[in-house]
Structure formats: C-alpha cells, structure tokens
C-alpha cells in the first residue's frame, strides 16, 4: 500500500510534511556520543535502540508554515538552471522530469524540500524506479541537494529502501569526508532493522581509513571476517589502503599475502599505492616484493610502477641494483618511461660517470628509447656544469641516430642557438 493511501485527504499535507521532517531529523539527530573519534569501538556495533527518539518527534512541529508552492518552471530562471535542465535525460518520465525541474530551481522561499517530495508522492504516486531515475540524474548533475533527497527518500514506502541504499549513502558521504553524516546514516540504517553486511562494512573500512581512524578500520575489518563469508578484493583492498595510509606497510603486505593465499588479488591501484609507499621510503626490498607480487597477480606493470621500483633502489642508495632492475625491465619487454631514464641519469651524475652515461644513452637509442623532458633537463644541467658540450657533441657525431634525435642534439650541440635552447 502506498504512503498516499494510508492517510485521509483532509490531513495529507500536514501529516506528510511532519513525516518527512521527522525522518530528515533522524539523520541530523545529535550523535556526538556515538562518533568514532570519541569511541573505543566501531559505530556499527552500537545498538540503535539506545537512541533517544524524543528529539525526533519534535522535528515536524513547525513545518506547516513552510508548505511547498509548486510553481510551473518558466523562462525566468538562471542560466545555470537552464543548463542543468537541458542536461536531463530525454528518456525520463514526465513525472520524474517535473520533480527534477523543481529541485533544480528550488529555493527555501518556496517551502521545505520535504514538503516538495511529499507533494510529489501524493500527486504522482511514484515507484522505486522513479525514485532511482531522479537520484541518478541528481548524481550526474552533482546537485547539492542530492544527499538530502536520498535521506528523505529512504523513509518513503514507495522507495522500498534496502540495506544497499544505505550503504551507497554512507559510501557517498565517506567519499566527501563527511564523517558525521555517514555515521548518522549508519545509525538510521540500524534503527530500520538493517544488518551491516560485507558490503556495508567494506564502505565503513574505507570511511574510517580516509578519516585516519586506523583502529576502527581494523576492528571493522575483523568483524567482516567473523561473518564467515569469503572476502572479495574490495574488502581486502580497503584494509590494505588503511594500513598504507597509517604507514604500517608490513601489515598491509601481510593482508596482501593473506588474500593471495585465498587466490584473491587486489586491484592495480592498491598494488601501486603499496609500491609507492615503499618507494618513497627507500625500502627497495619491500618495493621489489610488491613488484614481484604484481606480476604474480597477472598484472602487467605500467611505466609508473617501473619508475617506482627504480626510485626505491636509487633512494635506498643501491645504484648497481637500480641498473640491474632497469635491465630486467627492458628484457621483460616493459617500456620504461622518461622518469626511469632520468633516475638512472641522476645516479650517473651523482657518481660523476660521464662515459658510462654516454654508453647508457647509446644503448637506449639502439633499443628505440627516446629521451623525454626530465631526462633531457638532467643531461643539460650536467653538461653545462662540466663545460663539455662541444666534446660530447663530437663524440656523439659518430653515432648517426643521434643526429635524428632533435632533443638530444639540442642538448649536446655546441652551436650558439642549440646551446641557448638547451641551457637558457
């Protein structure tokens, strides 16, 4: 039975406004005592029955004075509103388009947003598909009222809310670092009798991780394991990212090994994040382990991953191993990018090995690897400091391919114009 059919015609407007306002207030209820930054246990573990609903009952008392006035949208709207309306899908049902136009052109002077939705429910008797179509368009528009409309919709019978709807809301708030709103949505979900499943808990791990609350992320992850179901790569990946953000890389790698034992492999970005963390700290052994794990997961390392591995060796002071790693990368058929070349040239410069650097450049040319901006700038700086521009040009003139490379020729040329272009 729809919400519109449960009330008499004489009291629909007032009751509907109160109903929506009360439900909206559930999300805005003071949740300070349950917030994660002051709790020693995850918010999902709180019994929602302890919430004081006295405050909620008062929220609809003064909404009658703000009844919504449904005014037909004309030409007297802003340019931005016209643009937003023009972007609506032409496949929308008229009842959905009508509501979206009202939301896009909404102002508080017209009345409460809850009253607008209440009026739409009574008039159009929408189904879940209509609600989802409206929310999809608001999401595409990145409309500022999107979350408020979702909150109100969740308590409407015709929306037929389920646990996944709440999960999406929590995840959406978490992506915007709106932790308090996410926590309020979680408590509202529990009060409706929905139980946190693996997908919801994964969203919470991600939320706590982004908020820097490593302990709650870890506790929530352990709760997922107790569900007795096989964790997927998103659940594992969320916990790995939490450990990476916390700087506990050994624990992140431990979770990585645990999931690999279950023959579950993380996504490319999770591997890259862990590799980057090892690389920036100069832990070349950890970086090499992750790089090997990437290949075992049947993921082809991209040039950025190769650069992160080389950077780990260079930062860790292992120049010889850096060259071996570069050699192995090229043998494996991977294409090192300009950052990789620049890293090795920086090692040659630091160790003042000009002849070896030139041999390295000649080897790159034979393999069809061209110099980019960063590597060229390192060479230009180095040659200028040594004052050997003309000598290097004479040496490289023996290798005809270098004449065909305008970037290298510009760097090594002793002519005034070329030198000016390379060294400024």
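Glycine is treated like the rest: Cβ placed from N, Cα and C.
Features reported for this protein in TrEMBL:
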type   : residues : note
REPEAT : 162-196  : repeat 'PPR'
DOMAIN : 175-287  : domain 'PROP1-like PPR'
REPEAT : 197-231  : repeat 'PPR'
REPEAT : 232-266  : repeat 'PPR'
On average, residues of the repeat 'PPR' (197-231) score a pLDDT of 90
Tally of residues which DSSP labels helix, strand or coil - the repeat 'PPR' (197-231)
26 helix, 0 strand, 9 coil
Could you give me three numbers for the repeat 'PPR' (162-196), the DSSP helix, strand and coil residue counts?
26 helix, 0 strand, 9 coil
Please list, for the repeat 'PPR' (232-266), how many residues fall into helix, strand and coil according to DSSP.
27 helix, 0 strand, 8 coil
